Amino acid sequence: MPKNSKVTQREQSNEHVTESVADLLAHEEPLDYKNSSLNVGGAAGKKVPQIEVPENDGRPAWNSKLQYILAQVGFSVGLGNVWRFPYLCQKNGGGAYLVPYFILLLIIGIPLFFLELAVGQKIRRGSIGVWNYVCPRLGGIGMSSLMVCGFVGLYYNVIIGWSIFYFFQSFQYPLPWSDCPIRKNGTLAIVEPECDKSSATTYFWYRQTLNTTSTIAESGGLNVKMTLSLLVAWIIVCLAVIKGIASSGKVMYFSSLFPYVVLFCFLVRGLMLKGSVDGIAHMFTPKLEKMLEPQVWREAATQVFFALGLGFGGVIAFSSYNKIDNNCHFDAVLVSFINFFTSVLATLVVFAVLGFKANIMNEKCVVENAEKILGYLNSNVLSHDLIPPHVNFSHLTTSDYAEMYGVIKTVKEDGFAQLGLEPCVLEDELNKSVQGTGLAFIAFTEAMTHFPASPFWSVMFFFMLINLGLGSMIGTMTGITTPVLDTYKVQKELFTVCCCIVAFFCGLLFVQRSGNYFVTMFDDYSAGLPLTVVVILENLSVAWIYGTKRFMQDLEDMLGFRPCIIYFYLWKYVSPICLIVLISATVIEMAISPPGYNAWVEELAQERFQSYPPWALAMCFALIVVAMLPLPVVFIARHFNLMSDGSNKLSVSYRKTMMKDISNLEEQDEARFILGAKPGEAPTAPARRAYLTPGGNKPTDPNSLSPNSCYGTSYQNAAISPTTPSTPDTPVTPESDS
């Protein structure tokens, strides 16, 4: 047996053998069994059969590469691409915002996305199994990401429920939010005051859809319409994920591609609308001075972070169903750029439509104020001499009104404020920042009421939102179900149905009349900081504990080529530093910003910022603590050997599938595999190729997966002797890359 064999080294030392057969064989290179010779008794100088973990280990697999790519695209491309990215562009300098976003996508987004794809594909487990495998003491990473997935899934599906409600309401002409309702008071018919003070679309959203209360403390009871919509949403999600990737993969063919069809249709239609070019020009006019503001870079980093779905566990879960030699580097780059171009496409669509809406609202403003001026002229409040001779009130243009407004403001400087005239500047309409639900359910719906065949476009728009949300929800649910099913032997269908039922009843919190305030709370506090902490620990555990060089070697063995050396420095230094800065900025932002929410005040018919009451504030911080609690708990418990590292379950799973595969091979040729009863008679694991450091002069230890590393201690000799008790974890020593 070669001297550099792991088994030989164990025999020569006094260390207890702690690696399972699966771990010895999990990193071997493919072998052509027909051409391999046998080593009976381990005689020196003879070839030793190489055994690899069978790729077909009973784990479900994607039917095709396209199905997998669509699943990753469907998970990463979500509602945020449509209603968050355009808002950030508008707020942070228009086209100038694309520069920091693209830079951070290259140095943070793609490397970390590649990292998650690689560990999921290599270890073939969900988030809990992956981080137990990399380092048991940081196994809480997977549990924290599962907790965050649970919190996000609860409120995210409520948004899908809102979209479902609007989808069915769109099958009417005229659209139910196109006009304010009329209230009859005896013989008089008056416009609903709350609607008259705001707008028809705003009134429909806050009063007829949500029927919202004025404070978060006032529950108001369940909203029956929203409760039924939420039930439908959970039924759809349950049917999509009940069979795992066998069902969700097929759903992705439609849910991932249909939004692009709708976006391109909206773009073509939007470009044909009056004023669309004004909106797009406003969007892409760069305000370069904005690039110097730290806040712009912080928001760009946050958007990159959430746009790719990092830390949720869905990326790892999807990649765990891949073949071991799949080119996950290509997948990471492809999905990241598809996500970026989707955001740009959605931004074009949004600003084309909002440019049309701004022109409509500006013309309406001109007409209303021109009527005021005519009234002042007829009552001799204003002199006719103030009106330029070429102005025609029957065909008043925005430029004519601007000229007339300027003259009146100059002459009537002292009493101008009492006239109540508005400037009606198109730029002011375009500068109105709208994001989130306000963009989708108020601004965009109002614009569509002015479209020809508005019900058709409304149906298409909300059906697109449903599909965007469904793709993200499938990834979120997979991030919950996959690690649990990998860790515990439970029936997949039963567990999925139970998860959906529990989630529906927990989601009733969000469909009471004050439920939209809780959606805002969960969106602000349950994911942001915990996910950032999860991702930086993922980065550090791979780059600094497992070792960047060792990880690069694994990638070379898995992919068949060595990834670009730039990833070494990005994983080792750049990404951790950027994430630490992002965490610090997030904590500072939370500390200086008063925690609160925008409440709809019925009497004023507008939103007002309100601070959270003490119990709600405690709930906000409880969300953060609960999401991150598994991190210290698991670390402490495993450091003091208070809980198992979960390795036995994983090792036994590998052992069973490996032994089954070996048994099948023995039926064909009994002399193919000879497994000794003693560790010294086990097939020899060949020495690993040395991987040069960036400098090219210091190869790594060929036996880097030693039982003393954080990686090796997880998997003990359950495959050799299932009855052998597990040994305690040995101290974790970070690898030196110097």
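The backbone N, Cα and C atoms fix where each Cβ goes, and this holds for glycine too.
Per TrEMBL, the features are as follows:
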type     : residues : note
TRANSMEM : 68-86    : transmembrane segment
TRANSMEM : 98-119   : transmembrane segment
TRANSMEM : 146-168  : transmembrane segment
TRANSMEM : 228-246  : transmembrane segment
TRANSMEM : 253-272  : transmembrane segment
TRANSMEM : 300-321  : transmembrane segment
TRANSMEM : 333-354  : transmembrane segment
TRANSMEM : 456-482  : transmembrane segment
TRANSMEM : 494-513  : transmembrane segment
TRANSMEM : 525-546  : transmembrane segment
TRANSMEM : 567-592  : transmembrane segment
TRANSMEM : 612-637  : transmembrane segment
REGION   : 676-738  : region 'Disordered'
COMPBIAS : 700-720  : compositional bias 'Polar residues'
COMPBIAS : 721-738  : compositional bias 'Low complexity'
Paired segments the transmembrane segment (456-482) and the transmembrane segment (494-513) in contact, 3+ CB pairs under 8 A: yes
Maximum Cβ pairs under 8 Å to the transmembrane segment (494-513) - stretch from the list 228-246, 253-272, 612-637: 228-246
Range from 68-86, 228-246, 253-272, 525-546, 612-637 with most C-beta pairs under 8 A to the transmembrane segment (300-321): 68-86
In contact by Cβ distance (the transmembrane segment (567-592), the transmembrane segment (146-168); 3 or more pairs under 8 Å): no
For the transmembrane segment (567-592), sequence-distant contacts whose Cβ falls under 8 Å of one of its Cβ atoms, 6 or more beyond its ends: 104, 107-108, 111-112, 114-115, 294, 298, 301-302, 305, 528-529, 532-533, 535-536, 539-540, 542-544, 548-549, 551-552, 694, 737
Folded-back contacts onto the transmembrane segment (612-637), same chain, C-beta under 8 angstroms, at least six residues removed: 137-141, 143-144, 147-148, 151, 216-217, 521-522, 524-527, 529-530, 533, 537, 595-597, 643
